[in-house]
Amino acid sequence: MQSQVRQNFNSDCEAAINRMVNLEMYASYVYLSMSYYFDRDDVALHHVAKFFKEQSHEEREHAEKFLKYQNKRGGRVVLQDIKKPERDEWSNTLEAMQAALQLEKTVNQALLDLHKLASDKVDPQLCDFLESEYLEEQVKAMKELGDYITNLKRLGVPQNGMGEYLFDKHTLGESS
């Protein structure tokens, strides 16, 4: 059955939004896996675990925002299987933060591709939604991760386990 509220909403944009939902849920899943790795008793970096858990919640909220938008525009939600994270273990916080930055860049590129598609299909509402809800936040997230990576390297991680502890306690512990 066709939606009665659908207007100027291209089916390519609708399909791309469903793919974005899947990517955001995958990102949430990766961050959740990271969180519980750093919460293990033999890793015990609780502020790092908390940071990644918050990232997981944020990514899930992004997916839900896309789901709500899809319905608002008269599109149809088509959920897909969420891929398992490629790893379950991390050598250190630096390695995990670098992987998180790469993940955020992947999400950012997908958002930019969706914005281009919306622009090509002359969908100013979708462009506005992406600009107001996602694009600036992605830039901030990438900057934050970049700063964390710089500070972890400055503290001598991965060679210096004390640096990892200090980062957990003082950098992430301060934001708690």
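Every residue gets a Cβ built from N, Cα and C, even glycine.
Summary of the site annotation: Swiss-Prot records Fe cation 2 binding at Glu59, Glu104. Screening the candidates Gln4, Gln7, Gln125, Gln138 against this entry identifies Gln138 as the one listed for that site. According to Swiss-Prot, the residue from Glu14, Glu24, Glu95, Glu131 that belongs to the Fe cation 1 site alongside Glu59, His62 is Glu24. Looking at His62 (Fe cation 1 binding site) and Gln138 (Fe cation 2 binding site), their Cα atoms lie 11 Å from each other. In sequence order, Ala27, Gln55, Glu58, His62, Leu103, Val107, Asn108, Glu137, Ala141, Met142 are the same-chain residues whose CB sits within 8 A of the CB centroid of Glu59, Glu104, Gln138, the residues recorded for Fe cation 2 being left out.
In sequence order, Leu23, Met25, Ala27, Ser28, Glu58, Arg60, Glu61, Ala63, Lys65, Phe66, Val107 are the same-chain residues whose CB sits within 8 A of the CB centroid of Glu24, Glu59, His62, the residues recorded for Fe cation 1 being left out.
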